[in-house]
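J.: One structure, pasted below without further comment.
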């Protein structure tokens, strides 16, 4: 008797040659839309083309076709990423001082760009040490390359060429999986199989191969580099892999091979799979052996996780069952129906992924400085500041994107007729309570957090320092944060007896790591100043959430516009004759949310930049005396608004303002130019559409008089187009201004 699995053994999951490959459509801009394909009557056409080119929902209602387009576009995105990476590695190979930096990372700055000397631009190539003139880079690539065991510019060349090959492979895959073998909808909806492959394959085998590389290549090469061996003398990576004796000289347990593994005598491997905690005093980075251990552990977890979901064999978890079982006494139907939402609405799926990835990115920002993973990263202050700022901005944008796609899901994909009394429906039914409470929280946080600052400014102005909230007068110590710090500082002796140091030196415990006379990391003291600014963080984040959540919960309907769902995701007003209904679309909430996201992240990166310069970064004398860059002025200066303006913004802007005539002058120009871009945005944000239409008609009249009128009729931007252009320039200008301000400052003083 034969027992067959209920599933057929082979599922045909692709369609062959579904879409003919043809370049004819490339010559027809807007081929995806009947109206746009007709060509331009007015200048609005070019804006509509940009708005809808990637909105696959508007091209077709067929979910399978939309899925294939998204899938194919992902390969295009990967191709661009590989191309960008290839460019980075090529710059390292062709234009950088990587080999010089590798031999003396404490005295030589990383540089991978040399500006050609056209009309006196020689000034931009500053002296980064070791006789090399170029632009100091702050991307952290040098530190990553050293950690991964790259010892020569030839290796960077080879990697750059490899990345180019991968880029072309990805381009090919994008074409192949749309035109030649396109997956069926069922393949995109097979979530258990997807989970197994992504968890076990991408994360599990990915981490395992990285752990293998770190153990067999990175660790031995970094051992030699730390010992001061000339990079040219170090054996090449493949020699360590092929010749076990080489490794056994550095790590004696390698001679025993896999025996300790199978005899469960795992402690033998502790010399290269360590559990130390803290930082390597030579490089100021995490112990590479700790990192290898971490990736091995992660790999095992994800390899197990990748075998948990039910596919062809009828055992394991089914996601639908898990979601439908997920209900409590107060949650009605719970997550019933969520499985159907997430397998038919890619906006809902994307929204969740963006929210999680955005939060993770912000967590990464905080770990990059508190647990610096790469050698000589912690003492490269410019790179530390850049990495923190970069990851904070990216995280902020991703979280706003999560709200945007949640709202698009609500408008386009949500079906209220089939959803009753599940969690989403229950949230929507008491959305008034949620939003009004959240609004109260925002008002409370706003008045109280700013109230503390205004109190301090007033007392300071009246010469009454004894009545201020500060560490030396009325203390508002962050006792809960300090408790968390102490808990973690004490953990090695209690919850993690194998570790010699806590996870991060920032927790406390008095230990300091300095590399080449510069502070890598030390315990970060928290006081009244941090308590104040943390409540500003709470305020700005809650307002951002209020705006975005209101946009999602009221995306389909509101008391003001009950039929909002019929108007779509973005619309200017609810038609003529209904005053006071403009700027209520879900799109407008995303637009407003972006400004508050910008507020939130700006305060965070300002706080970080000043706090680190004041209390962490600096030099250490032979006697062990630490001199911080701004001499610890954060605790007393940042407790007033005036202090932020005077001692942070103004005092630290002197480097960028005075950069003309120096190798930092490009930052001075960017500072000026980005201010201009930012100011340009206000023209779009503060003026109405009719104003521009009147102006345009005057100008068209003049063109007609001169008989040079264009065939395409000029039109003012629509309300939404104008706001989109405005917010784009506002954010671009603001972020680039901050970038120039930060880098000119930290490169000059760091």
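Using the three backbone atoms N, Cα and C, a Cβ is placed for every residue, glycine included.
Taken from Swiss-Prot, the feature [4Fe-4S] cluster binding site applies to 573, 582, supported by sequence analysis. The annotation chlorophyll a' binding site is assigned in Swiss-Prot to 675. Residues annotated as chlorophyll a binding site in Swiss-Prot: 683, 691. As annotated by Swiss-Prot, phylloquinone binding site applies to 692. The feature transmembrane segment is assigned by Swiss-Prot to 70-93, 156-179, 195-219, 291-309, 346-369, 385-411, 433-455, 531-549, 589-610, 664-686, 724-744.
Tell me what's around each of these sites.
T.: For residue 582 ([4Fe-4S] cluster binding site), the number of other Cβ atoms no farther than 10 Å from its own Cβ, over all displayed protein chains, is 13. Secondary structure from DSSP puts residue 582 ([4Fe-4S] cluster binding site) in coil.
Annotation for residue 675 (chlorophyll a' binding site): same-chain Cβ neighbours under 8 Å, separated by at least 6 residues, are 733, 737.
Using a 10 Å Cβ-Cβ cutoff, residue 683 (chlorophyll a binding site) registers 13 neighbours. Classification of residue 683 (chlorophyll a binding site) by DSSP places it within a helix.
The Cβ of residue 692 (phylloquinone binding site) has 716, 717 as same-chain neighbours under 8 Å, each 6 or more residues away in sequence.
Long-range neighbours of the transmembrane segment (156-179) within the same chain, counting only residues 6 or more positions beyond its ends whose Cβ lies under 8 Å from a Cβ of the stretch, are 17-21, 68-69, 71-76, 78-80, 82-83, 85-87, 89-90, 92-94, 98, 145, 150.
When Cβ-Cβ distances below 8 Å are used as the criterion, the transmembrane segment (291-309) is approached by residues 191-193, 195-201, 203-208, 210-211, 214-215, 218-219, 272-275, 316-319, 373 of the same chain, each at least six residues removed from its ends.
Counting residues 6+ beyond its ends, the transmembrane segment (385-411) has Cβ neighbours under 8 Å at 138-140, 341, 345, 347-348, 350-355, 357-362, 364-366, 368-369, 544, 548-549, 551-552, 555-556, 565, 568-569, 586-587, 589-590, 593-594, 597-598, 600-601, 604-605, 608-609, 612, 735, 738-739, 742-743, 746, 750 in the same chain.
Long-range contacts of the transmembrane segment (664-686) within the same chain, counting only residues at least 6 positions beyond its ends with a Cβ under 8 Å from a Cβ of the stretch, are 123-124, 126, 135, 655-658, 717, 722-723, 725-730, 732-737, 739-741, 743-744, 747-748.
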J.: What residues in the same chain, six or more past the boundaries of the transmembrane segment (589-610), come closer than 8 Å to it by Cβ-Cβ distance?
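T.: Hits for the transmembrane segment (589-610): 369, 385, 388-389, 392-393, 395-397, 399-400, 403-404, 407, 533, 536-537, 540-541, 543-544, 547-548, 550-552, 630, 634, 638, 644, 648-649, 652, 723-724, 727, 730-731, 734-735, 738, 742, 745-746.
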J.: In whole Å, how far is residue 582 ([4Fe-4S] cluster binding site) from residue 691 (chlorophyll a binding site) when you measure between their Cα atoms?
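T.: Taking the Cα atoms only, residue 691 (chlorophyll a binding site) lies 17 Å from residue 582 ([4Fe-4S] cluster binding site).
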J.: Restricting to the same chain and to residues at least six past its boundaries, which positions have a Cβ under 8 Å from a Cβ of the transmembrane segment (531-549)?
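T.: Result: 399-400, 403, 434-435, 438-439, 441-442, 445-446, 448-450, 452-453, 456, 469, 476-478, 481, 589-590, 592-593, 596-597, 599-600, 603-604, 607, 638-639.
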J.: Could you pull out which residues elsewhere in the chain have a CB under 8 Å from any CB of the transmembrane segment (433-455), counting only those six or more residues past its ends?
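T.: Hits for the transmembrane segment (433-455): 427, 468-469, 476, 532, 535-536, 538-539, 542-543, 545-546, 549-550, 553-554, 639-641.
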J.: Which of 573, 691 (the binding-site residues) has the most other Cβ atoms within 10 Å?
T.: 573
J.: Taking residues 6+ outside the transmembrane segment (70-93), which of them lie with a CB under 8 Å of any CB in it?
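T.: Apart from its flanks, the transmembrane segment (70-93) reaches 54, 56, 112-113, 139, 141-142, 145, 153-154, 156-157, 159-161, 163-164, 166-168, 170-171, 173-175, 177-178, 183, 188, 346.
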J.: Once the DSSP letters are reduced so that anything not helix or strand counts as coil, what is residue 573 ([4Fe-4S] cluster binding site)?
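T.: Going by the DSSP assignment, residue 573 ([4Fe-4S] cluster binding site) belongs to neither helix nor strand, so it counts as coil.
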J.: At the Cα level, what's the spacing in Å between residue 683 (chlorophyll a binding site) and residue 582 ([4Fe-4S] cluster binding site), rounded?
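T.: Their Cα atoms are separated by 19 Å.
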